[in-house]
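Some features that TrEMBL has for this protein:
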- 13-27: compositional bias 'Basic residues' (COMPBIAS)
- 28-38: compositional bias 'Basic and acidic residues' (COMPBIAS)
- 261-275: compositional bias 'Basic and acidic residues' (COMPBIAS)
- 1-40: region 'Disordered' (REGION)
- 248-283: region 'Disordered' (REGION)
- 155-197: repeat 'WD' (REPEAT)
- 198-229: repeat 'WD' (REPEAT)
- 293-334: repeat 'WD' (REPEAT)
- 335-376: repeat 'WD' (REPEAT)
- 379-419: repeat 'WD' (REPEAT)
Amino acid sequence: MPTEAAAQGFSRPKPKRGKSLSLRRTHSSTEADRENPRHGSFTVEVQESVLPPHLRARLWDLFQQIEREVEVVYAENLALQEKVEVLTERLEAGTSDKPMGEESLDGTAKANIAKNKSSSQLSQKLKTTYKASTSKIVSSFKPANTSQCQMVRRFIGHRDGVWEVNISRAKPHVLGTASADRTAKLWCMATGQCVLNYIGHSGSVNSIRFHPNDHLALTASGDHTAHVWRSAVVLPQVPPEGNPLLFSGVQRSSDDDQIEGAEKEEGEAAAHTEPGDSSDFAPTVVRSPLTELTGHQGVIIAADWMADGKQVVTASWDRTAQLYDLETTELVHSLTGHDQELTNCSTHPTQRLVVTSSKDSTFRLWDFRDPSIHSVNVFQGHTDTVNSVTFTSGDNVVSGSDDRTVKVWDLKNMRSPLATIRTDSAINRLSVSPLHKVIAIPHDNRHIRLFDLQGVRLARLPRSNRTGHHRMVCGTAWYDENPACNLFSCGFDRQVIGWQIVTAVA
């Protein structure tokens, strides 16, 4: 999630020349920088250095050599990690193919199976590791899940990491993105073009949510404000020669060559035109909001609409959440109690319920269904920062944390989770498909995994040098109305990707 400098959109001061020794790590191409944008550049300044120029130059060369050595070692580690993941996936596929009932074999049969496994020491170690980390899933095998995941297209145009992606609720549906480049953009999902560019914030735009039934967008920013602005747009026409089997006439890249060609074309277009623009369609530029909500003393990390669309709730790094009346812009409730900075907030789709998550490893459920009093429940099921918490279409809450777990809770009995999903990387802003009840989990390690609400793993989205994200995946959003492209993801690699997800139980 955003660091303070990234979320606020502050620029770093340039070091003074001739009076300081500056050791600056700028735009490094290492995988470490790409993987963890939480760690920014560092600057060590020694005012009025007494070192001679040649010694300072030699010191700088030494630090560059160290950095290059670290880059090489880290690249080797990443390559080994990829090999281990491939072997694990193959092992998982072999495990999923075993017939049902094998787990209930008698002792003799299990002994024979154990002898067969001992033929390969490496395979045995991989199986032990896999079973230990996913014991709950393996112990409750269900009929094999067959899932098809394919990248449909990329949305290129932001100049910095994209924190959140969302789909508008009012028709025509558009894709909304919030970025650290201080802008929010609306995209035509059929053509991939940017149709609106909102530039009203002076800090990083950390979230974007849409009104339940009107053409209004709500954005939260590092400039300590939340903005409400009109999101009505005119979409460009879809080419009539488009294949109806593909996503709204957009040709799907089914192999690496097609994907590489698409990336090249997008890069050339971005070099000659405004991001998201085309030769015959220019995006609308919105410079000021309809309503500006102020009152927080820190970064506003997220904001969401209440179910009736008349009130909004904001979550801030000042450790409070605030409920505003949109018509009067007055503060209705200040929600206090978290011990550390808030990381996200979400509202129930039909009831006056709010959940907030925090770095204090808890999330809280706020109940406003009774106008005279609001109640709060604190849940301590995680051991590290809770980055994401959201309601499902039913009576469940799903939370994701830096402790590498996702937990599914029942609103009627939240003493213990219904399911716990253990992963190998921190979780960012996840989403749940209202139609298929599938959780799309974005990870710090660039992967996106799909699980059902019972904690059974369904798939991992493909990722390679030409497909998927190249840096931390920040968020996901489902769009069940179009099965040809029903999942979107955004990342700190500045891009948004549309996916086709087909899940079925054999």
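Each residue, glycine too, has its Cβ placed from N, Cα and C.
Just so you know, TrEMBL annotations never went through curation; they're auto-generated.
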Exercise for review: Count up the helix, strand and coil residues in the repeat 'WD' (293-334) according to DSSP, in that order.
Suggested key: 0 helix, 22 strand, 20 coil
Check your understanding: Mind checking which residues reach the repeat 'WD' (293-334)? Cβ under 8 Å, same chain, six or more beyond either end.
Key -> 1-2, 4, 7-8, 164, 203, 206-207, 209-214, 216, 218-222, 224-228, 340-352, 354, 356-358, 366, 368, 374
Check your understanding: When the pLDDT values for the repeat 'WD' (293-334) are averaged, what is the result?
Key -> 96
Study note, to complete from the structure: Residue counts for the repeat 'WD' (379-419) under DSSP, helix then strand then coil, are 0 helix, 21 strand, 20 coil
